[in-house]
Amino acid sequence: MSPNMEILPSIPEHKPAIIHVSHQPITLGNWYKKINWLNTTLVVFIPTFGLYLTRTTPLTRPTLIWSVLYYFCTAFGITGGYHRLWSHRCYSARLPLRIFLAFTGAGAIQGSIRWWSANHRAHHRWTDTMKDPYSVMRGLLFSHIGWMVLNNDPKVKGRTDISDLDNDPIVVWQHKHYGKCLLLAAWVFPMIVAGLGWGDWWGGLVYAGIVRACFVQQATFCVNSLAHWIGEQPFDDMRSPRDHVLTALVTMGEGYHNFHHEFPSDYRNAIIWYQYDPTKWLIYLLSLPPLNLSYSLKTFRSNEIEKGRLQQEQKAVNRKRSALDWGLPLSELPVMDWDNFTLRAKEDGSALVAIGGVIHDVELFVNEHPGGKTLIKSAVGKDATALFNGGVYEHSNAAHNLLSTMRVAVLRGGQEVEMFKHRGMEGKQNVFEQITRVEKPPMSAIAA
Ligand SMILES: [Zn+2]
Ligand SMILES: [Zn+2]
């Protein structure tokens, strides 16, 4: 049994209930069990110690250049290898490139390809739920680093199919020998290069090894935290992923995360040429002759991408639209017959005007009518459809909009309007349709 489990008193004839340490309240006796000490050593203690060592370790120019270069190599191992190649199969890579990515990815100290990709596939499949291993819904810090330094219940995490990875000998070999790969790629190799190259063994270990890995880790962790926290959602706002140039800058282009979650098998994260996505540029460059190291680069059809973008724009327009007064929906208006309409206008003195089959109460507008009181009063108790639409004056778009806020009833026998009213009841009425606008005034009205 795992040391992280606790047996509760058993109920007769039932198996003892075992509760994972992550679900137990924290106490003086169990707090240390809640920490994943191996991960904490790799992502907190060693990087902190490395940063401390920089106080007494001189940084030479060649070591600085090598550290930056190796930073980009190992970051690409994660973004171009672990993420876009193995987790999402956005493209295919020939053996030398797969070996390079497996090696540099191990140097980023983020677990084996197999472990990383299984988590990442669960993250995409169950984004923002408890089954998402680094769900941002559990807090920004949890999504950034908490999920690694805490002992989480393995039963909570969503399971995914990684059979394709188990058929890749590079992935299987790297997983089996991950400890050795990590030691070599993260610390020994950068130290040997600096040591044999320009005699800076210790600087190579501290800067190109430990400190460089610390920066790569924090940058990659930002994809799980910042990319689900800050930025725009141009393709979908159902879940948390967001696009932001800042996240892209620190993650070699992984910051266009809203696009990525919508189109995960696209080898690009940024689709506009000037957006910063060096991972995409490198994958593309590697596909060119004479290298030909990457191939079958996948892209989603721009038609599908634009559909998503347009739907989001439509949502934004709808939100703005719903904040404005467009008048009562036709479906909510009572139906009034012609006799009742004329009677109320004549005998009650109601300032009712019928336009386009809809009855409007213009009482409060009489004094403000730009065309004067006389004209508007002359329309009371009448069908002013033609007058309003060019018979006397072809009213503006704004006038139609304003008129709609005065509507009080639908005229029985108003034909299309009654039909609209029934359509409106089904929630299909488009508020942008100006019901009072008619294309051509009837001839009789022009003659009048
Ligand atoms: Zn994500
Ligand atoms: Zn992904």
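Every residue gets a Cβ built from N, Cα and C, even glycine.
From the options 64-83, 264-283, the stretch TrEMBL describes as transmembrane segment is 64-83. Just going by CB pairs under 8 A, the stretch in 35-52, 64-83, 181-199 that sits most against the transmembrane segment (133-150) is 35-52. With a cut-off of 8 Å between Cβ atoms, the residues of this chain six or more beyond the transmembrane segment (181-199) that come close are 60, 62-63, 66-67, 70, 74, 102-104, 106-109, 112, 174, 205, 208-210, 212-213. Within its own chain, the transmembrane segment (64-83) has Cβ neighbours under 8 Å at 98, 100-108, 110, 113, 116-117, 120, 185-186, 190, 193-194, 197, 204, 207-208, 211-213, 215-216, 219-220, 251-254, 278-279, 282-283, counting only residues six or more beyond its boundaries.
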